[in-house]
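Asks: Let me give you the structure first, and then I'll get to my questions.
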Protein chains: 2
Amino acid sequence: MQRYKAKIAYDGSRYSGFQIQPNGRTVQEELEKALKKMHKGSLVKVTSSGRTDAGVHARGQVFHFDSPLLLPSERWVNAVNGLLPYDLSLLEVEKADPDFHARYDVVGKTYKYFLYTGKIRDPFKHHFTSYYPYKLNVEQMREAAEYLVGTFDFTSFCSAKTTKENRVRTISVIDIEVVGDEIIFTFTGTGFLYNMVRIIVGTLLKVGSGKIKPGDIPEILAAHDRKRAGKTAAAKGLYLWEVYYK
Amino acid sequence: MQRYKAKIAYDGSRYSGFQIQPNGRTVQEELEKALKKMHKGSLVKVTSSGRTDAGVHARGQVFHFDSPLLLPSERWVNAVNGLLPYDLSLLEVEKADPDFHARYDVVGKTYKYFLYTGKIRDPFKHHFTSYYPYKLNVEQMREAAEYLVGTFDFTSFCSAKTTKENRVRTISVIDIEVVGDEIIFTFTGTGFLYNMVRIIVGTLLKVGSGKIKPGDIPEILAAHDRKRAGKTAAAKGLYLWEVYYK
């Protein structure tokens, strides 16, 4: 058996997230279905770098799988993409050590969040950005974001449903770029808790719209209370952009 | 009654084209439904600059309608967009002369055609570009396009189903731009016959892939025979970009 590390992109609009579940179409299910066909009906299990929620997109999600087949990347890509639906695409496949693990070996991730702020709704951006046609003070948002760069207990910024005990994470970069009518947020860190990026974006929107001040962020962080942070921003603006390994 | 000229954008993926028809969702139907709601149940007829086919997109389709309401553009846009589905958006509305006609008064149109040529399928481009992951000689395509700029009988480049007797049209610009993994074709002319842009693109692809030569174009034009030109390129790459009036 050869272990493989694979990279995929998906338009999450019509998926109930990455992980297989009883109801709803999932990315994992589509991947395993395609790999099963390539392996004459044998189940090939797929292990990702982590889940993504319903509606969340990926440009660089990573997973591992084992196969008796020895193929170069290009042949994997061509064969598997021929079996996958249009909204999911295999980008590359490389041989990995037998003990490589797509989830345990992650050392960092980058997420991007796309906000469309144009006055008039753009039909082409509907599924691919979150829509916020109101004034935002980007400088204040940048100032607020600075308070979140570092190592903190992010309990205030993760879903109350989170089961993880340890909520300490390190964010190394928060970048906020204005490109035409879009605001693009980039987050890089060691790992992100459930809904963490979307709650940070929701909180930065509260700052940008003047409801809270950048200087309120340290207090929100220290409260360890989800209710203190902003709303969870819409899934459709979020992209798992890149996953880093040792 | 006030006559209005209005501009809309739509993602054509889930439409059976612009014009109302017995089966399938159309842009006209959605517009008239929204306008009817705004007019307390009275029918408001919509007349466009021309049809677009199923799957074809628009960034700047124009239509006219009459209304007893006197509203500024911004109020029309806000009110109507609140009643339209996400994949159709009203961009602007302006007062027009009572005899303005969105179809008869057209003096020109610009269409764009987006071709994605990346080696690996991109899930985010699926509905919005046509996919052609093969080598293309863009210089040869540009050379071929030059033969189509001017005033010609475009019978070879329109659907055999065309009922129009006069197939003489003037193309003033064909521009072929390479942007990353995309090839963007821009066509400006006095008017375009049924499927004309898509058949020209299909024929330019035959040139780009070496199946015919740029110098074959004049002969294809002169043949006045649809069978001599290339295939009709996919609808999903085509955008009605702008409509010009006197």
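Cβ coordinates come from backbone N, Cα and C, glycine included.
TrEMBL entries are annotated by machine, without manual review.
The annotation domain 'Pseudouridine synthase I TruA alpha/beta' is assigned in TrEMBL to A:8-105, A:144-245. TrEMBL lists A:Asp53 with the feature active site, nucleophile. Taken from TrEMBL, the feature substrate binding site covers A:Tyr111.
How about a rundown of where these features are and what they're close to?
Replies: Restricting the average to the domain 'Pseudouridine synthase I TruA alpha/beta' (A:8-105) gives a pLDDT of 96.
DSSP assigns A:Asp53 (active site, nucleophile) to coil in the three-state reduction, placing it in neither a helix nor a strand.
The Cβ of A:Tyr111 (substrate binding site) has A:Thr186, A:Phe187, A:Phe192, A:Val197, A:Leu238, A:Tyr239, A:Leu240, A:Trp241 as same-chain neighbours under 8 Å, each 6 or more residues away in sequence.
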Asks: What counts of helix, strand and coil residues does DSSP assign across the domain 'Pseudouridine synthase I TruA alpha/beta' (A:144-245)?
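Replies: Computed counts for the domain 'Pseudouridine synthase I TruA alpha/beta' (A:144-245) are 35 helix, 32 strand, 35 coil.
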Asks: Let's check the environment of A:Asp53 (active site, nucleophile): how many other CB atoms sit within 10 Å of its CB?
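Replies: Summing over all protein chains shown, A:Asp53 (active site, nucleophile) has 18 other Cβ atoms within 10 Å.
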